[in-house]
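Take a look at the structure set out below.
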């Protein structure tokens, strides 16, 4: 993540284009807040006529019209309070939605390496918690700044109107208060960043337990996970207490500064020259206004913590939005590729690794042929598939499809030529039919979806489901067995009918009987298309046109099944290990 420290103003300037489309709501809210603050000031100003005329003169009419004014002011405060709260909430909701949409859209365009380096819990926290913090903290801060700022201005005007000499004393404390706020602001920003990171750790810890709850139960890891969660939760609590401490310390400092000013005002009011200009009503209004200033001053100090929290969250989100998305500089588009694939001197190293996963790999797969990759775990087989789909880009060398470097094609066009069935099947919380026709629900007919399911030998169990193809399968197909989930994925690939097929341990989750049944469908699927088959079970690739043996990122053997057995090398050794020969 980019932790470049942006000033509050710079961060706010970046946020403003997102907020500005809803500025009418902000303007209405600001006007309502000013009216709300004006109501408080006007209520306070009624003290002078009440004391000097209402109680001072027996025949005064002040006491007769004063109740009507009070009722009118209270109605104004109530209505303005409602309007301001509604408008701010409306703007806040819109900003949260826009931030989440922008973040979600940007993340979808990020390279696979980005997700490899970030925990799912942390990213979820960014989309949910941080986005909410930007709007809620900033909107709360805006309400306080406008309302309390208007209150301070109104109270100063009131004080200067009745006694400018006494009011000048308060001007002295303004620079001191601003200095305190500035010092505390830096502390708030630092703590807010730590709180966001802590929230990401809390989310990641909870997500890890929820996703791996079976492993936690079977291995007795409850204490380990509880301790881990308690640790990150306590760290977040500590950051929260630091925020409270910084805020709590700044409050009494400002109040102490203000109290000295008030004490000096009382002392100055006893000077004969000043006393001659004051009445009981005037001194009461001036002194009451000074006491009333304490509340907005305290609120403005506290709002700084809220605003800094929002700006820190905003900065974190912008650091993600500033990250470069997948490079998609290609211009070529394919309707349907022939399927000629060539790897030429390809070397690749994962961003977080020191040693390359593939070194100087070269191979050619003619259109319509089946090439199998075999080797021990971690040898680099799946990396080859990842490079062919441009989930990663090569560090050295080139990969060609129909004679053109993969980087010359638009990403969407390139990936549209490839159907992928991996050992890690991901299904969506949707119906069986929509999972088979994922992202193309309106492109295929019901009959085509059902035919693909039949070819994948999936209709046998689909018919037994409560609603057949319209059955909801839960998050990641939790209501299906591993083999059933894999058959749905194979049906998805069959329906897509792409010219290039990648089978990455496609039958690994199937039992022997299901594997035999589906192998016929896979054999039919592989006809007239280029197939790259990554296999652990060697029995599934005996009929491949060519078998490549990958070891430590190198192709160490190549040939068909029989020739590799006769060579008595790595492939022959793997074969003997599997079949007990």
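Placement of Cβ uses the backbone N, Cα and C atoms for every residue, glycine included.
As recorded in Swiss-Prot:
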- 15-35: transmembrane segment (TRANSMEM)
- 27-309: domain 'ABC transmembrane type-1' (DOMAIN)
- 68-88: transmembrane segment (TRANSMEM)
- 152-172: transmembrane segment (TRANSMEM)
- 252-272: transmembrane segment (TRANSMEM)
- 274-294: transmembrane segment (TRANSMEM)
- 341-577: domain 'ABC transporter' (DOMAIN)
- 375, 376, 377, 378, 379, 380, 381, 382: ATP binding site (BINDING)
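Features recorded in Swiss-Prot, as mapped to the structure shown.
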residue : record           : Cβ within 10 Å
375     : ATP binding site : 24
376     : ATP binding site : 14
377     : ATP binding site : 7
378     : ATP binding site : 12
379     : ATP binding site : 22
380     : ATP binding site : 23
381     : ATP binding site : 25
382     : ATP binding site : 20
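Apart from 375, 376, 377, 378, 379, 380, 381, 382, the residues listed for ATP, the same chain places the Cβ atoms of 550, 551 within 8 Å of the centroid of those Cβ atoms. DSSP classifies residue 382 (ATP binding site) as helix under the three-state reduction. Mean pLDDT of the predicted structure over the domain 'ABC transporter' (341-577): 87.
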